[in-house]
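J.: The feature region 'Disordered' is assigned by Swiss-Prot to 1-23, 40-85. Positions annotated as motif 'Q motif' by Swiss-Prot: 182-210. Annotation comment: Swiss-Prot describes 345-348 as motif 'DEAD box'. Among the features that Swiss-Prot reports, domain 'Helicase C-terminal' is placed at 408-568. Annotated zinc finger per Swiss-Prot: 584-601, in sequence order, evidence recorded as sequence analysis.
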């Protein structure tokens, strides 16, 4: 027992001596790096001298040799410390990877940043119904229609079709694009519709109609982009009438059924105008013995009972604003079981004005595949990417740059002080004979100018969102019929409304978004006529807005006033950026004076979203925020 007790201290001492033999001294990081540098220096000294300095530099950039195995001493001949230092650190590896990676220029960094922003902005829920999203339903082929172009168009060589598109300045993007049609007779429209076109003075199709009508008639989904006054309305109205006519002739509609096709507009005035265009073609068809086609104007501010009476009889075509349409569908007064044709007119404005959620709710009521068309004069890249999610093999037809100003409009920009605008407005009214359109940002300015003009004896009317529907309709009717000389309006009248005789548009103030400016001046210079647009600017406008205006004037080859020419322009030479990124100007709002990284519209929407989230978190007001 004593022997065993005596042996245990001896065993412990032997174990301690073994641990001391295997013990490796801890070497601090700084010392390991110094040892590594010393080892590399000795390696370089042991090699023969390089022939030139450039070769020495190249050799210094090479990675260090792999470390020796654990049981093999390092090149320095040291102990365990050098063995530990042979493995390169993460910092050394990162430096080597940075040296090996290709150098990225500042322009390439900006392009990558913009691309990430656009992908993030376009990464929204797709424009599909809840049923399609839930069941994972996707459509790979577009809808088939009974329409075919004439044989000579079907046999047209592709080279000739491309030559015609170049001649008409038409850009197309898509697979299996139908050939362009230079004559309305090639579209195989009924004779009463062709006769009505001739009565309206429309003899030859415009560029957007040359390519757009064959695309839509063949059943393809389409994004149509063309400057204001180019005839986009006929591109989706004529095929819609043909769809309704074909469905009625195959199987007549029964009470409570329909519609077969639908057009959604951002404003009541634009919806009413589109509805009137449809009726102009339906009247001669009915007189010629074709089946009756019943359209429905579905807008707010009008008694719903009259609209429900049309629905009960059975409706073929619906022209609507999102709010009233959503209301009818939610109350199950109308269904979209048979709807196969959908057009979003001024599609980018529908999204920007906050109708995106309403449109999604409308999409939820579709029961089958439909042909979807999107049209606008200003269609930024982010809207195009977002819209493609709802389309099946879409064809993009572009006449000119999206967001470009109409070249038939002479743009004049005047620097006018805030308090001198109303007096200078009277002088500008003398430039051209009536009718004249005056635009303002605020409803209060519209009412003020309207009263001032009436006091000066000018026959004027006014419209804005604060007036009831009857006042708005009467104002536009009096102005179109020539009973009133001047129409004062907010941007509610700037999108899509057609006033064919207007020679002069006056912007009492410069809109904050360049898209609204393009829509405003597009009310004149329509159908090939020349018009004048006068814009008042002053120190209240932001520099970004003025730079966008400057680039727009330069693109349209218009005179640039000295106050704009003197602005410091960071994008004066952005040709390289535009060529490498494929996007000219801002991809979010379409402005040419800034890039998407500096877009004021995007910043404004971000701040609005943050304010909305705070309001949701802290409550909507009332006592202690409970309301």
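Cβ coordinates come from backbone N, Cα and C, glycine included.
Locate each feature and note its surroundings.
T.: As a summary of secondary structure, the motif 'Q motif' (182-210) carries 17 helix, 0 strand, 12 coil according to DSSP.
Across the motif 'DEAD box' (345-348), mean pLDDT in this model comes to 85.
Per DSSP, the secondary structure of the zinc finger (584-601) breaks down as 5 helix, 0 strand, 13 coil.
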J.: Let's see if you can do this one: DSSP helix, strand and coil counts over the motif 'DEAD box' (345-348), in that order.
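T.: The composition, in the requested order, is 2 helix, 1 strand, 1 coil.
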